[in-house]
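J.: Have a look at the structure that comes next, please.
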Amino acid sequence: MVFEGHLVGTGLKVGVVVGRFNEFITSKLLGGALDGLKRHGVEEADIDVAWVPGAFEIPLIAKKMANSGKYDAVITLGTVIRGATTHYDYVCNEVAKGVASLSLQTDIPVIFGVLTTETIEQAIERAGTKAGNKGYESAVAAIEMAHLSKQWA
């Protein structure tokens, strides 16, 4: 037997957690995610968005959303751009681990849409220019995973 999630979001409730740091990028990721959700049938009234200060704060609010029982999936969006210190490495590692563990802890799909880039240019490319929009891609993944995970509910 083959299991697949379909890409029709009608009736799904989705939470989105967005890091405010590097907002000129994260706002474009959010725009892409909202566009992706709506284009696939998720009603605007069924989408909740929570802004947090930065990427490091994303896992806590994503966990609270996932544990609330209100959402079929949670999308996490943020942007971490390498600077001159090791801060980038710590933030990227902790955010990735935190978000990755949430699906296992909560049984709700939590999608990792946090950009971790070497340069501002790379982040811009992934927020709606030549490399697509990772927010949109995260929305599609959330819809697919919400349906797929319900097959074992």
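Glycine is no exception: its Cβ is also placed from the backbone N, Cα and C atoms.
Sharing the record's features from Swiss-Prot:
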BINDING   Phe21, Ala55, Phe56, Glu57, Thr79, Val80, Ile81, Phe112  5-amino-6-(D-ribitylamino)uracil binding site
BINDING   Ala84, Thr85, Arg126  (2S)-2-hydroxy-3-oxobutyl phosphate binding site
ACT_SITE  His87  active site, proton donor
J.: I need the CA-to-CA distance for Glu57 (5-amino-6-(D-ribitylamino)uracil binding site) versus Arg126 ((2S)-2-hydroxy-3-oxobutyl phosphate binding site), whole Å please.
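T.: Checking the Cα atoms of Glu57 (5-amino-6-(D-ribitylamino)uracil binding site) and Arg126 ((2S)-2-hydroxy-3-oxobutyl phosphate binding site) gives a distance of 21 Å.
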J.: Over all pairs in Ala84, Thr85, Arg126, the listed (2S)-2-hydroxy-3-oxobutyl phosphate binding residues, work out the largest Cα-Cα distance in Å.
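T.: Across Ala84, Thr85, Arg126, the widest Cα separation comes out at 23 Å.
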J.: Look up Phe56 (5-amino-6-(D-ribitylamino)uracil binding site) in the DSSP assignment and report helix, strand or coil.
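T.: In three-state terms, Phe56 (5-amino-6-(D-ribitylamino)uracil binding site) counts as helix.
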J.: Radius 10 Å, atoms counted are CB only; among the binding-site residues Phe21, Phe112, which position scores highest?
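T.: Of the binding-site residues Phe21, Phe112, the most buried by Cβ count within 10 Å is Phe112.
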J.: At 10 angstroms around each C-beta, which of the binding-site residues Ala55, Val80 has the fewest other C-beta atoms nearby?
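T.: Taking Ala55, Val80 as the binding-site residues, the minimal 10 Å Cβ count falls on Val80.
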J.: Among the binding-site residues Thr79, Thr85, which residue has the fewest other Cβ atoms within 10 Å of its own Cβ?
T.: Thr85
J.: Enter the number of other CB atoms within 10 angstroms of the CB of Phe56 (5-amino-6-(D-ribitylamino)uracil binding site).
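T.: Other Cβ atoms found within 10 Å: 19.
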J.: Determine, to the nearest whole angstrom, how far the Cα atom of Phe21 (5-amino-6-(D-ribitylamino)uracil binding site) is from the Cα atom of Ala84 ((2S)-2-hydroxy-3-oxobutyl phosphate binding site).
T.: 17
J.: These are the binding-site residues: Ile81, Ala84. Which one scores highest on other Cβ atoms within 10 Å?
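T.: Compared across Ile81, Ala84, the most Cβ atoms within 10 Å surround Ile81.
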